[in-house]
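Remarks on the structure that follows.
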Number of protein chains: 2
Amino acid sequence: MQIMINEIKNWIQEAAEIIKKEIAKNDMTVDTKEDRKDLVTNVDKQVQDFLIEQMHDFDPEAKILGEENGRDQLTDFSGRVFIIDPIDGTLNFVLEQENFCIMIAVYEEDKGKLGFIYNVMEDTLLWGGPEVGVFINEENLPVPADLNLAEGLVGMNSSMYRKNSYNAQLMAERSMGVRMSGCAGLELISLIRGKRNAYVSSLAPWDYAAGSVMLDALNMKFSNIEGGPLKFNGRERFIAATPTAYKEMMQLVGQAQN
Amino acid sequence: MQIMINEIKNWIQEAAEIIKKEIAKNDMTVDTKEDRKDLVTNVDKQVQDFLIEQMHDFDPEAKILGEENGRDQLTDFSGRVFIIDPIDGTLNFVLEQENFCIMIAVYEEDKGKLGFIYNVMEDTLLWGGPEVGVFINEENLPVPADLNLAEGLVGMNSSMYRKNSYNAQLMAERSMGVRMSGCAGLELISLIRGKRNAYVSSLAPWDYAAGSVMLDALNMKFSNIEGGPLKFNGRERFIAATPTAYKEMMQLVGQAQN
């Protein structure tokens, strides 16, 4: 596993170099996908292609699920699966040139083995899994304090908050405050580091795959909003929190009208 | 003015050292002010006292308006006024140990002369004013592109967004997305750097004083939510944006039911 960890760290560093060079060149091509706020750039595609190439070289048998280039469906999770978000937070990447992440997860026989979330412009890598522990760069991260809902900050999707989906507004009200970064990777980094106590959003598999592996390794709770396992098939409502905050939030979900 | 700029930069660096030492000591005293989410720590007070001492040494005649220690009212803005937020984003400071700022503004005869916003943990200083221009660290910042509302990200206060105050939800909907950081300084840095096109919140004078000076120097628009001048007296609804986005948002404010 150490060989694979080192390989993936190298891929991420090289991918980050590609991204930084493209930012410096400043001639990105931006296209929309499902709506005018759902962006993809030539850089997202280029980085995913680069990562897939490395993954194929490393393990020609591995299956790949990725956000771009028609790689976004996978039904067979047997063997080794790499799950890629080449640029998580593309809107921030395009508009802010910061606050975006590269995310890679490794699953084997349907079980999360390794997760990597790299905040590119801040140069912060969170990585690890149940067998190796979780690290920020090379420093081991402890299990975060089991804060209750009232003791911490909740990251949240703006649409769920606005519509009060699943009592989202009440969750926010009972917490210390709501935060919105526009980047699942950043929210998950904050949760994993114990700087937030919860995160609620509508996510695709490549948004939650890497984070889930690390949350699992730190005894944090996560599921779809109904409390069931994540489907790794299309977008679904995602909730993750400290064990105590998770229990409180799932009670609020149960009492919700919408 | 150059002497004062250098002095203030030194104060900010020393204040940041105090804050970082206190984080390392990890025995902060946290109290609540108006409600359980309105926090103040011994560090906020200590940093404000330190800054006031430097200001008195530099100019014994100067008046001071600051968030803590009963310095939060000032009626006479003649002569030189220093406006201080020792730690903007105290909730983030306590819970995240990041995403907070030191802010200092200098007003003379009621006119903004200099503003300083320092993202302590990122080590990014925005500073400047109408007479000297605006800088990030030592690099001159250009006037941001005059993005319209649909082209950029809007920073927003969670309560105004939830209640749809002044059509806040429609502003967010027409933009590329809404962001909430829990720190006015960070939102204003993003706006001043052209990474966001607008910011709407409920702010006290020490929250908007430094940012306003720099926004003014870059021909950006800001006012209270009714379009009038800021009162520097208690909390009020604040709006700031690129000139085009400001015009669009003020139209939405005019059409609002609440």
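Placed from the backbone N, Cα and C atoms, the Cβ positions cover glycine too.
Over all protein chains present, the Cβ of A:Asp207 (Mg(2+) binding site) has 25 other Cβ atoms lying within 10 Å. Marked as Mg(2+) binding site by TrEMBL: A:Glu67, A:Asp85, A:Ile87, A:Asp88, A:Asp207.
Sequence-ordered, the extra residues of this chain that approach the Mg(2+) site, with Cβ no more than 8 Å from the Cβ center of A:Glu67, A:Asp85, A:Ile87, A:Asp88, A:Asp207, are A:Asp44, A:Ile84, A:Pro86, A:Gly89, A:Thr90, A:Cys101, A:Met103, A:Ala184, A:Gly185, A:Ala204, A:Trp206.
Residues within less than 8 Å, Cβ to Cβ, of A:Asp85 (Mg(2+) binding site) and separated from it by at least 6 positions along the same chain comprise A:Gly66, A:Glu67, A:Cys101, A:Ile102, A:Met103, A:Ile104, A:Gly185, A:Trp206, A:Asp207, A:Ala210. Sequence-distant contacts of A:Ile87 (Mg(2+) binding site), defined by Cβ-Cβ distance under 8 angstroms and a gap of at least six in the same chain, are A:Ile19, A:Thr41, A:Val43, A:Asp44, A:Val47, A:Phe93, A:Phe100, A:Cys101, A:Ile102. For the binding-site residues listed here (A:Glu67, A:Asp88), the lowest count of other CB atoms within 10 A around the CB belongs to A:Glu67.
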